[in-house]
Amino acid sequence: MANVTLRNVRKTYTGGFEAIKGVNVDVADGQFCVLVGPSGCGKSTLLRMVAGLETVTGGEIDIGGRVVNQIEPADRDIAMVFQNYALYPHMSVYNNMAYGLRNRGMAEAEIKTRVEEAARVLELTSMLERKPRQLSGGQRQRVAMGRAIVRQPKVFLFDEPLSNLDAKLRIAMRVEIRKLQRRLNTTSIYVTHDQLEAMTLADVLVVMNGGQVEQVGNPLAIYEKPATTFVASFIGAPPMNLMSTRSDEIKSQLGGSAAEAGVLGIRPEDFVITDQTPAGGVALPLTVEAIERVGAETFVYGSREQEDQRVAATPGELPPGEVIVRIPGTEAPTIGARIRVAAIRPKLHLFSGDGRTRLEA
């Protein structure tokens, strides 16, 4: 096991495109760190730099107290699991898991011990003689993880390993990966674009955007106190409602310095349908445009009567003038109904006009 430290890490490609812009991240020994962000944000590039598959233009990557910038991937004592299982189709499960160890010249008795132990942990013992074509997608992914486990590395690297699986299997494998990491207690860095996957897996969450780190911290802390409007709209499904504080409707309710903040954010679950306006809070009249019933809860999509200026759109952000409200159960107003929703002061999130700074509500 080992800690991983990224110090002002940069990656610039030929032509001057800067994919990674001075990233600083500390992953403690035994932690599960998740890099999350939209496509093109640089998360997979950063992971490949840790693995040694991409060169480092600037800064340092430290694994277990050793700067590895100039060290070959095979000598970094890491193991990587990819989106593509990359199993040898003509080999059995056992031989797929043993292949890397044999290439390193390990004794066959030690290989057998490691493969059988990994198979036991991953519940693959009964499948060791099967070929990959005889396995389901989830079983193939477990074999790929087993191939990484038998190396007993200091660090596991996961590059969107669940992307090829269907929704039900993704959930099951997500749970299995977390249980496995806790059992092995091996430092792990995991890349995903799925914020739900990120929230449920991570000890420490790194939210990336445009080659930079937007926020680092405990997943729940990031959800409850996003540092920027990008984080607010990316982390959480449905996304946070964001609106200008400078519209007369909101400005008059916030009052004081809060009214000059620039951007107001409210999570869908923090609204209630009510005729009352809470002291210090915000109430909005809406026209119901759509209803989504998903079982235990219902999403109400409404349009505001007066549209306002908004911050620049970010991935997952709601269209201008639209507000989404999450309510428990299946009871909901009818489409076309006029309703009033409100949120109390402690549930309000305020940001600067450019969306880059969180302010006190």
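Using N, Cα and C of the backbone, Cβ positions are placed for all residues, glycine too.
What Swiss-Prot lists as ATP binding site is Gly37, Pro38, Ser39, Gly40, Cys41, Gly42, Lys43, Ser44, and the listing cites sequence analysis. As annotated by Swiss-Prot, domain 'ABC transporter' applies to 4-235, with the evidence given as sequence analysis.
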Key: Cβ neighbour count (within 10 Å, all chains shown) around Pro38 (ATP binding site)   = 16
Ask   = Quick one: which residues besides Gly37, Pro38, Ser39, Gly40, Cys41, Gly42, Lys43, Ser44 have a Cβ within 8 Å of the ATP site's Cβ centroid, in sequence order?
value = His193, Met208, Asn209
Note = Smallest number of other CB atoms within 10 Å: among the binding-site residues Ser39, Ser44, that is Ser39
Task = State the count of C-beta atoms found within 10 angstroms of the C-beta of Gly40 (ATP binding site), not counting that atom itself.
result = 15
Key: Lowest local Cβ density (other Cβ within 10 Å) among binding-site residues: Gly37, Gly42   = Gly42
Ask   = So for Cys41 (ATP binding site), how many other CB atoms are inside 10 Å of its CB?
value = 24
Query = What is the total of other Cβ atoms whose distance to the Cβ of Lys43 (ATP binding site) is within 10 Å?
reply = 27
Ask   = Mean pLDDT for the domain 'ABC transporter' (4-235), as a whole number?
value = 94
